[in-house]
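Pulled from Swiss-Prot, these are the features on record:
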DOMAIN    133-327  domain 'ATP-grasp'
BINDING   159-211  ATP binding site
BINDING   ASP284, GLU296  Mg(2+) 1 binding site
BINDING   GLU296, ASN298  Mg(2+) 2 binding site
Amino acid sequence: MKFAILFGGNSYEHEISIVSAVVLKKVINQNLEFIFCDEERRFYHIPSEKMNSKTFSTKAYKKEKELFIKQGGFFSKGFLKENKLECECVINLIHGRDGEDGKIAALFEFYSIKFIGPRLEASVLSFNKELTKLYAKSVGVKTLDYTILRKNQNSKEKLSFPCIIKPARLGSSIGISIVKDEKDLEYAKDVGFEFDNDLVVEEFKNNIKEYNLAGCMINDEFVFSIIEEPKKKEFLDFEQKYLSFSGHNELIEADLSEELKEKLKDSFKKIYNPLFKGALIRCDFFILDNEIYLNEINPNPGSLANYLFKDFNTTLNALADQISLEKMIKINYNFLHSINGQKGKL
């Protein structure tokens, strides 16, 4: 399977997406194409040998061929014709806005481009942490109790401390604060509201265990990664999350009973099927008093959580093989023909 990796985007997670693409280049042992979406949402074809931080930090990518999108794929302008970028499937590796909020999914479905990533409805529900909690509840998966703070609205909710405050539509731990008492609350709200108009507030629990599980559905069968118990302090910061998906830190397979492992997989299945078909996702769970709680859904996990799979390349290729394009509707204009055949034509 010939893949193209789409990365970048107009997102607070733009740089982590670049790092993710560089890491995935090293992981996927096959011929790849690289499509960079810059902050102006223009697409560039990046040669494999130029996939490094300097290409992007110095804006040298602007010297590369610019791509445009139309029915069936990405194209560049040649001297006498348009040249199509040769790939069979695009991997959506844009983290945060653009890649995970539904814009790319809608664009690819509209232009009949085969891709690995969340579809429109899945993107919308997983991008917003408030909607994620409502969705999880609807499919029978528990989440921690929460409060929503909205910008420019005076909330009368009484918060308990310590608590954790998260922007509703951001990942990579950006804008997150742990608030230990009321005197730190206003500052934490100011930080969060710099990134989002809605904040999710949860009680911070010291005795909670976190576990990550990635997977996908291939030919109606689930393929799971190992279950990871990440090393962390109070929460994973930006740097820790980079280290985790780049394979530079020690991977700890969770020491759990078979019963709890099956409970985690069962919760994953409820979240994934059928909404996330076509995507390889990672779900982050909490376990508290032997109960499973969904923390968040990562619809485009960093480097697609390759470090959690024993045979990542086989899984990725098998997933791509079974993705099909949306069936096009045949328009025959019979109704308009019938009108034209009558008196008083339209």
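Residue numbers in this text run from 1 along the chain shown.
From the backbone N, Cα and C atoms, a Cβ is placed for every residue, glycine too.
Of all the binding-site residues listed (GLU194, ASP284, GLU296), GLU194 has the fewest other CB atoms within 10 A of its CB. In sequence order, PHE286, ILE287, LEU288 are the residues near ILE208 (ATP binding site), counting only same-chain partners six or more apart with C-beta under 8 A. Close to ASP284 (Mg(2+) 1 binding site), meaning Cα to Cα within 10 A, are the following binding-site residues out of LEU159, SER173, LYS180, VAL201, ASN298: ASN298. The separation of ASN298 (Mg(2+) 2 binding site) from VAL201 (ATP binding site), Cα to Cα, is 19 Å.
When each of the binding-site residues LYS166, LYS180 is scored by how many other Cβ atoms sit within 10 Å of its Cβ, LYS180 comes out lowest. Closest in space to GLU296 (Mg(2+) 1 binding site), of the binding-site residues given as LEU159, SER173, GLU194, is SER173, taking the CA atom of each residue. Rounded to a whole number, the C-alpha distance linking LYS180 (ATP binding site) with ASN298 (Mg(2+) 2 binding site) is 27 angstrom. Ranked by Cβ neighbours within 10 A across all protein chains shown, the binding-site residues SER173, ASN298 are led by ASN298.
Summarising model confidence by region, the domain 'ATP-grasp' (133-327) averages a pLDDT of 91.
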